[in-house]
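A.B. asks: Here's a structure for you.
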């Protein structure tokens, strides 16, 4: 055992434990430890009530704190269920890993520990924690490390049940990516050792960057990878390769000893001074020769053993509590000598531990699939003079977004060379002064507020230097040209200072007197003047390439091809409250309204005078149906026109119904025409532009009511000067020219300027942004935008080649889509709009003729109906007269028969009463006082027997005979009785004696 204390023996044991843990534990332990009975298993309802938590700690202070935390845990109901108690079992970490293995078996596993918390001194190496992990993992007992950060513990094939509350060293690659994104560095050189941790951090960086840069605009690429063997003696050979690379940003993972060698040799090559950026891991920060300006990372709570002990205990308690509520926990193994023990509950407990996510003393505690701590916080350290470490930022957990966030105060960073300005991070042979000008969408300019100290990530500072004032006004610029400048600076490796045009002009040349002499000289203004007079190195702006400018400056190949076009405002169309009436002309609307009421009136008249306007079903007891009144006719006409349901008041006559069908057809055509024309007003295009293009006669011969203009001193202004055929037009528009394109566009929108002639790119952008604007005609004066440089500039070819590559790679097309077509809120409007013609009487005359034909047809039909009805009435009258005559004749015949029968019965009756006289000799007289009607017909004195027939017909059956005797017995037939008409009850006639012409007998 003594030999294992030497460094060589320790390395040997470490390799044995690393590659053959099963051999060491499986062969050594059974030979040295007595066999112990296998662990007993509990049923599903027998979860243990006591849980022993083991601790392999590095000092007595940690042991005491571990015991205290376990004691306090038992009173925390949030983590400990009822009737559950935790106990601590601790041992001291031994530097000898073999002794550590025996101690774990004898003092921890023997006491049935359910998990082990392990810590060790940072200077003692990771052999002893590895031994604890091997031994516990063999029996599936979870191990929680609070200080081990080597990458080897992430290998679950070896450390099957190990997790830790500290992140491994190679997780610092995640922080590197955040820092590179913050500083916008695009090329880096990675320096790492060839051990497990060094290669792990390289792999982590490469793997994470593939997904990380999907969410950010700035992508960092690894230009060079430098790998070295640990225990360096010299790093000079690698520095030579690094010096020839373009990147000046170095990401280094090295131990403290190796970092000292690297910093020493880099200082000799002047690679730790101005313009270089060093970002290192924690170990390198502790080198005694770390250069000023180096940025490094330091894990928060890295040396807080108490905080990690507490977090590990509470993570374990949280996992056990959830496991108790979900499943049965078998007792922990107790025998290190039984290699057949398979504690499934330990494997399940390890899974529960990995799923924990709690807020502890060391921050947000959570684990990845390898059991490594995630959401660990880091301090960003800046090395100052005399090796002072200054915190300039933090990488911490954002609980609102549930992810990590980088926050760095750039103003507090001292960069290598004691510079306050952030290095560009690449090799820059020349620093250029670049000028630009505000021109949407190529350059947007925003003035910085008083409380702003830097521009937005997509902006670049572009101060405006006034010739009359030494101070600069701070502005921020972004846009098409700014992105082009950024990409150019990356591609051909130059840095720049960006500024705005001093006078806000592109520039044109003027003839000026030379010091009061008679000679004149040409002098350029604006951007051109700055470049010609060598006060600027480059112009990156929508600068049109033309012969006048090309004579004095160099142009690159065009980065944007365009031409000249005309911008005008579309004819406005007012919208009123009666806009819905626009599909029809006023005349047509009036005719439709009149037609509705005329048709209603005609329907009423047809139904009123039609003989069939009212009818009644045969054999029906219901009253006859009412005819269509005027109100119902109007309702019917409007209902048909507006396609509403007609529930009542419909025409009854055939003539009116024919008109109703014709009216329905008219309404269908009117409504369909109105609907179609209304849709045309809503969705079809407006009228075309007023101008057809530059060759429009109204432009060539400008009228007073048509004003056009451009920007004075611009390339368009020069184009009109060169074109002889446009000289007349130019003389007219010269007085109207504007100082800037922005002013002219605003006047076009207000209607003060009819036509603005300018570059097509800008005008198409404005037209696509505002539907009230439109470009007229085809392009003319085709040219392009180029990057301007000084005459003979060595950068011309490099810029030209870079722009050609941008065209081939699609970068320029990307800028077009981003800034010209999609750089603003697009309006869904077309280039032109057409207004449909308003429908008039001429268009709809056929419909009204159809209505007239319907009305005439209805009138004709009613005339035919009236004539036919008259003929029918005459025929019916003749039939009624004949029927009446026949009925009267029949009645007379029946009356006579009745009288004769009555007389015969009376005679028979009288014979029965007065047998002295025969029936034929007896005469009857009726008292007219009792029967006044008979008296009137017989005269003032007597009523004759024949005139009593009416009275006899009215007599009841019992009056014609004896009581109870039917009329048949008395000689009266049922037919005779049936022809009697109803009369009032009258008394039977009283016959009194009277005289006749024959006085031979007495009349009673």
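Just so you know, glycine gets a Cβ as well, placed from its N, Cα and C.
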A.B. asks: Can you tell which of 288, 357 Swiss-Prot marks as N-linked glycosylation site?
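C.D. replies: According to Swiss-Prot, the N-linked glycosylation site annotation belongs to 357.
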A.B. asks: May I ask you to find which of 503, 747, 759 Swiss-Prot records for the glycine site already listed with 542, 543, 544, 549, 715?
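C.D. replies: For the glycine site that includes 542, 543, 544, 549, 715, Swiss-Prot also lists 759.
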A.B. asks: Between 460-480, 481-501, 565-585, 586-606, which stretch does Swiss-Prot give the note transmembrane segment?
C.D. replies: 586-606
A.B. asks: Scan 629, 705 for the residue that Swiss-Prot records as N-linked glycosylation site.
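C.D. replies: Record says 705.
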A.B. asks: Let me spell it out: for each of the recorded positions (357, 544), count the other Cβ atoms within 10 Å of that residue's Cβ, using every protein chain shown. Which one has the most?
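C.D. replies: Output for this query is 544.
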A.B. asks: Mind giving me a neighbour count for residue 409 (N-linked glycosylation site)? Other Cβ atoms within 10 Å of its Cβ, every protein chain shown.
C.D. replies: 12
A.B. asks: Taking the centroid of the Cβ atoms of 542, 543, 544, 549, 715, 759 (glycine site), which other same-chain residues have Cβ within 8 Å of it?
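C.D. replies: Going along the sequence, the neighbours come out as 506, 545, 546, 714, 783, 785.
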A.B. asks: Rounded to an integer, what is the Cα-Cα distance in Å between residue 270 (N-linked glycosylation site) and residue 542 (glycine binding site)?
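C.D. replies: So the Cα of residue 542 (glycine binding site) lies 41 Å away from that of residue 270 (N-linked glycosylation site).
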A.B. asks: Quick one: pull the CA-CA distance for residue 543 (glycine binding site) versus residue 326 (N-linked glycosylation site), whole Å only.
C.D. replies: 72
A.B. asks: Please state whether DSSP places residue 493 (N-linked glycosylation site) in a helix, a strand or coil.
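C.D. replies: DSSP call for residue 493 (N-linked glycosylation site): coil, neither helix nor strand.
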A.B. asks: In whole Å, how far is residue 326 (N-linked glycosylation site) from residue 759 (glycine binding site) when you measure between their Cα atoms?
C.D. replies: 73
A.B. asks: Near residue 542 (glycine binding site), how many other Cβ atoms are within 10 Å of its Cβ?
C.D. replies: 25
A.B. asks: Quick one: pull the CA-CA distance for residue 357 (N-linked glycosylation site) versus residue 326 (N-linked glycosylation site), whole Å only.
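C.D. replies: Approximately 18 Å lies between the Cα of residue 357 (N-linked glycosylation site) and that of residue 326 (N-linked glycosylation site).
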A.B. asks: Which site among 270, 493, 715 has the most other CB atoms no more than 10 Å from its CB, taking these as recorded positions?
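C.D. replies: Selected residue: 715.
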A.B. asks: Determine the C-alpha span of the glycine site listed in the record, that is the greatest distance between any two of 542, 543, 544, 549, 715, 759, in Å to the nearest whole number.
C.D. replies: 16
